[in-house]
2 protein chains.
Amino acid sequence: MAFDPESLRYNEAGLIPAIAQDEAGTVLMMAWMTAEAVARTLETGRVTYWSRSRQAFWVKGETSGHVQRLIEMRVDCDRDCLLVLVEQEGPACHTNRRSCFYTAIRDGAEVEILTPMAD
Amino acid sequence: MAFDPESLRYNEAGLIPAIAQDEAGTVLMMAWMTAEAVARTLETGRVTYWSRSRQAFWVKGETSGHVQRLIEMRVDCDRDCLLVLVEQEGPACHTNRRSCFYTAIRDGAEVEILTPMAD
């Protein structure tokens, strides 16, 4: 079946969450896409989100160089969440860590489990 | 630092997305939690979401037996998304597939990449 980005289920703001995972299985980040961002990601092979703060397309790594090349896009059963398998250049997180999920809850406390990557 | 579920950032409906990943690295599903669901998940070790359709707590696997035992909860840099590492009993998806992300977009078409698990 041909894939139509409009066939996905978007929230009231027209957004769908997209989880980025690298080839090693690390979950890097979660951000949001519009139908147009989904289409651009598939067309260009560069993962493109919608920045809610800037209200603009966000080609991941466009300014930082930490690009995400799309390996494969997957859709969940409810068609309201995406999983993008990516080749991540350097850190995915703006804190320079590989993954945005660098804090763990252990014994009721927050523990930092990832340090920023070297430049 | 002691972890307080109220310190996370919830959307206007009081919800935060939670991504479940198993020990093999498979992303199983994404669902939503309230602050109370986060607290219950940590207290009980049973991953507990908030069902938006039922408007009720959803202890994953309570009726199906396909429980998720919490290994570790992680928080992202913006404190508005959770990653829960889990031990998943059987399928995570209501379609009886291991993961909800069983459809891939390949060459512009939707392809089913996971089949339902045997009972």
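Even glycines carry a Cβ here, placed using N, Cα and C.
Automatic, uncurated: that is what TrEMBL annotation is.
TrEMBL annotations:
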type	residues	note
DOMAIN	B:29-102	domain 'Phosphoribosyl-AMP cyclohydrolase'
BINDING	B:Asp76, B:Asp78, B:Asp80	Mg(2+) binding site
BINDING	B:Cys77, B:Cys93, B:Cys100	Zn(2+) binding site
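TrEMBL feature annotations superimposed on the structure.
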| residue | record | DSSP class |
| --- | --- | --- |
| B:Asp76 | Mg(2+) binding site | coil |
| B:Cys93 | Zn(2+) binding site | coil |
| B:Cys100 | Zn(2+) binding site | coil |
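In sequence order, B:Leu82, B:Leu83 are the residues near B:Asp76 (Mg(2+) binding site), counting only same-chain partners six or more apart with C-beta under 8 A. Taking CA atoms as the reference points, B:Cys93 (Zn(2+) binding site) and B:Asp80 (Mg(2+) binding site) are 24 Å apart. Around the Cβ of B:Asp78 (Mg(2+) binding site), the number of neighbouring Cβ atoms within 10 Å comes to 15. Counting other Cβ atoms within 10 Å of each Cβ, the binding-site residues B:Cys93, B:Cys100 show the lowest value at B:Cys93. Highest Cβ count within 10 Å among the binding-site residues B:Cys77, B:Asp80: B:Cys77. Here the Cα atom of B:Asp80 (Mg(2+) binding site) is found 22 Å from that of B:Cys100 (Zn(2+) binding site).
The average pLDDT for the domain 'Phosphoribosyl-AMP cyclohydrolase' (B:29-102) in the predicted structure is 97.
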